[in-house]
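Student: I have a structure I would like to understand better, so I am pasting it below and will then ask my questions one at a time.
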Amino acid sequence: MKNLFLFCRAGFEKECAAEIQQRAGELNVGGFVKANNNDAYVVYQCFEEDAADTLVKQLPLDSLIFARQMFAASDLLVDLPESDRISPIVAALSDVSKAGEVRVETPDTNEAKELSAFCRKFTVPLRQHLKKSGSLLAQENPKRPIIHVCFIGPGRAYVGYSYSNNSSPHFMGIPRLKMAADAPSRSSLKLDEAFGQFVPKEEQEERIRSGMNAVDLGACPGGWTYQLVRRGMFVSAVDNGPMDEKLMETGQVKHYREDGFRFEPQRKNIYWLVCDMVEKPARVAELIEAWAINGWFKEAIFNLKLPMKSRYKEVTAILETMQTILKENGVTDFKVQCKHLYHDRDEVTVHLWLRPNTAWN
């Protein structure tokens, strides 16, 4: 297969396209992008047959900012007959052997999601035929490749596969998170999703645990503080505005009525720093850089608001500058990740982990 199919948020196709064009080029996989505004997906068509396999193997999904999920894909199947949509799909997947799972999906648009009920019903007979053809194992296996069938419209679908060790565990790349009734704001879901995105499940007990100290800059009314509190942390919430009363009643939050850009922590045993302020992204990045250089945290999660234009270019420039400044100031052991999360809109979420190979004291 020579196509790479990438799911993204509707309206961010240009950013996703610019990113995959650059990243594929770094792996010497030539090709061109096919993308339309508000389709919520991008197709990167490689010049060489089977080159998409190189990308799904060697390009880490977690290293892509704007792609939620990706898979090596066939050419678009069109005019699938209502009487038998399955046969052309099974034929297009003939080179896929012993996959462990099949997902019948759509792009994340209102128009495409109208096909969701059909996709659920269609999955059952398709699964049976794929088992008969040998493309799918009789029993689900999380270690085997995943078959993707993505309907972009009635009778029109891309089909292909991803590798389970380089794929989102979520259907369409979207985590299904529930808004807690007592959360102070919907922004709470951003940090909830970020923890799942940036901290592997098997490490969460160690890195996101009860009793830790955390700081939330720009905390009001407490959406992100809520996620820290529910995980048993003690939080210094910094904001001139009021905090949610129920959060304050937990006894786990100390409210500092200060400007987040001027606040300095009294204690130096802070593990988590979080920040979701409506500010220019470069200014927020400079703030996090200062905290990192001072060694005031171990891990940070923060949001960068995106400009209206050149969003991919702006984000990559800020991240590159951040890494340069940290290194120039003696901070050389760190890991940076960035993702346009499902619960993000005109922003991206960044994770900065200082001394990732050194235990927290």
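Each Cβ is built from the backbone N, Cα and C atoms, and glycine gets one as well.
Residues or ranges marked as S-adenosyl-L-methionine binding site by Swiss-Prot: Ser187, Cys220, Pro221, Gly222, Gly223, Asp239, Asp259, Asp276. Under the heading active site, proton acceptor, Swiss-Prot lists Lys305, citing sequence analysis as support.
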Student: Expressed to the nearest Å, what is the distance separating Pro221 (S-adenosyl-L-methionine binding site) and Lys305 (active site, proton acceptor) at their Cα atoms?
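Tutor: That comes out at 19 Å between the alpha carbons.
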Student: Using DSSP and three states only, what is Cys220 (S-adenosyl-L-methionine binding site)?
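Tutor: In three-state terms, Cys220 (S-adenosyl-L-methionine binding site) counts as coil.
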Student: In the structure shown, which of the binding-site residues Asp239, Asp259, Asp276 has the fewest Cβ neighbours within 10 Å?
Tutor: Asp259
Student: I'd like the Cβ neighbour count for Lys305 (active site, proton acceptor), meaning other Cβ atoms within 10 Å of its Cβ, all protein chains included.
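Tutor: Excluding its own Cβ, the number within 10 Å is 17.
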Student: Please work out the number of neighbouring Cβ atoms within 10 Å of the Cβ of Cys220 (S-adenosyl-L-methionine binding site), leaving out its own Cβ.
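Tutor: 20, counting other Cβ atoms within 10 Å of Cys220 (S-adenosyl-L-methionine binding site).
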Student: Can you check which residues sit near Gly223 (S-adenosyl-L-methionine binding site), meaning Cβ under 8 Å from its Cβ, same chain, 6 or more apart in sequence, and list them in order?
Tutor: Ala183, Pro184, Ser185, Arg186, Ser187, Ser188, Lys190, Leu191, Asp276
Student: What is the total of other Cβ atoms whose distance to the Cβ of Gly222 (S-adenosyl-L-methionine binding site) is within 10 Å?
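Tutor: Taking every protein chain into account, the count is 29.
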Student: Determine the Cβ neighbour count for Pro221 (S-adenosyl-L-methionine binding site): the number of other Cβ atoms within 10 Å of its Cβ.
Tutor: 19
Student: Widest Cα span across the S-adenosyl-L-methionine binders Ser187, Cys220, Pro221, Gly222, Gly223, Asp239, Asp259, Asp276, in Å?
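Tutor: Max span of the S-adenosyl-L-methionine binding residues, Cα based, is 20 Å.
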Student: At a 10 Å cut-off from the C-beta of Ser187 (S-adenosyl-L-methionine binding site), count the other C-beta atoms across all protein chains.
Tutor: 19
